[in-house]
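Participant: This is the structure I have questions about; it appears just below.
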Amino acid sequence: MMELLIGHSPDPDDAFMFYALKKGLIKVPFTVREFLVDIETLNKLAVHCRIDITAVSTHAMAYIGSKYYILRVGASMGFKYGPVIVSNTAKPELVAVPGTYTTATLMVRLAMPNVKTVEIPFDRIMDAVKAGVVDAGALIHEGQITYERYGLKKVIDLGEWWYEETKLPTPLGLDVVRASLGIDMAKAVKEALLESIRYAMSHREEALTHAMKFSRGLNMSDTDRFVRMYVNDYTMDMGVDGEKAIRVLLEMGRESGLLPEVQLLFI
């Protein structure tokens, strides 16, 4: 049986989705080896085609579109919500972003084309804003629901901005399979991930208890809230709107001169 290397970020939503697959609670035609690391590192590894199955930012697809199949399951999409820009000033000039290939970075550059950006690890951005070393920061992961506790104020929710622009869901993250594995294996991975998500949904408390290990200080209620934000109907099947959102985001990036043209492979 083939062994596949699976990469995902150590975050509650990914941990929730991959729980049954990781623990061997569902039958799959392959074995798995797990690699946990932040999403920007996963993006960079995918650019070099080093992981068989991985979570990536939608932004990264502009650079890996021919190398990976996009699974129609497992997507992290919001609806009228997404990364939050927080600031202590009304007109920020320097904005911290969480990595070159993150979707938050692309959205900042589309929504706020006149600001300058600096890359800071996602888990240090709130500290950077509070310390005044940047004027504002783009928050991903749990920072989206905890920033007010740190005395920070929202300037813009990029998911709200995106909805006003497109009336589409916010296409933040995707699960992809290395195209060289072949379409049959990609389909098998897609079915396995769907079963893993279904298991987590039907054994919610069990899967949430596992996800809590990756919650970076969130309590169970906040962990559940965050998981519900990004493990939703679009995760089960991104549908026509989800696929359109991905294409529109990448096309907006291309038209703005930020991204190359890319051909996408959906499965």
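Each residue, glycine too, has its Cβ placed from N, Cα and C.
Automatic, uncurated: that is what TrEMBL annotation is.
Annotations per TrEMBL:
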- His141: active site, proton acceptor (ACT_SITE)
- Thr103, Ala104: substrate binding site (BINDING)
Participant: State the count of C-beta atoms found within 10 angstroms of the C-beta of Ala104 (substrate binding site), not counting that atom itself.
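Facilitator: Other Cβ atoms found within 10 Å: 27.
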Participant: Whole-number Å only: compute the distance from the Cα of Thr103 (substrate binding site) to the Cα of His141 (active site, proton acceptor).
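Facilitator: The Cα atom of Thr103 (substrate binding site) is 12 Å away from the Cα atom of His141 (active site, proton acceptor).
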Participant: Between the residue listed as 'active site, proton acceptor' and Ala104 (substrate binding site), how far is it from one CA atom to the other, in Å?
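Facilitator: For the residue listed as 'active site, proton acceptor' versus Ala104 (substrate binding site), the Cα atoms are 11 Å apart.
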Participant: Relative to the Cβ position of Thr103 (substrate binding site), how many further Cβ atoms are located within 10 Å?
Facilitator: 32
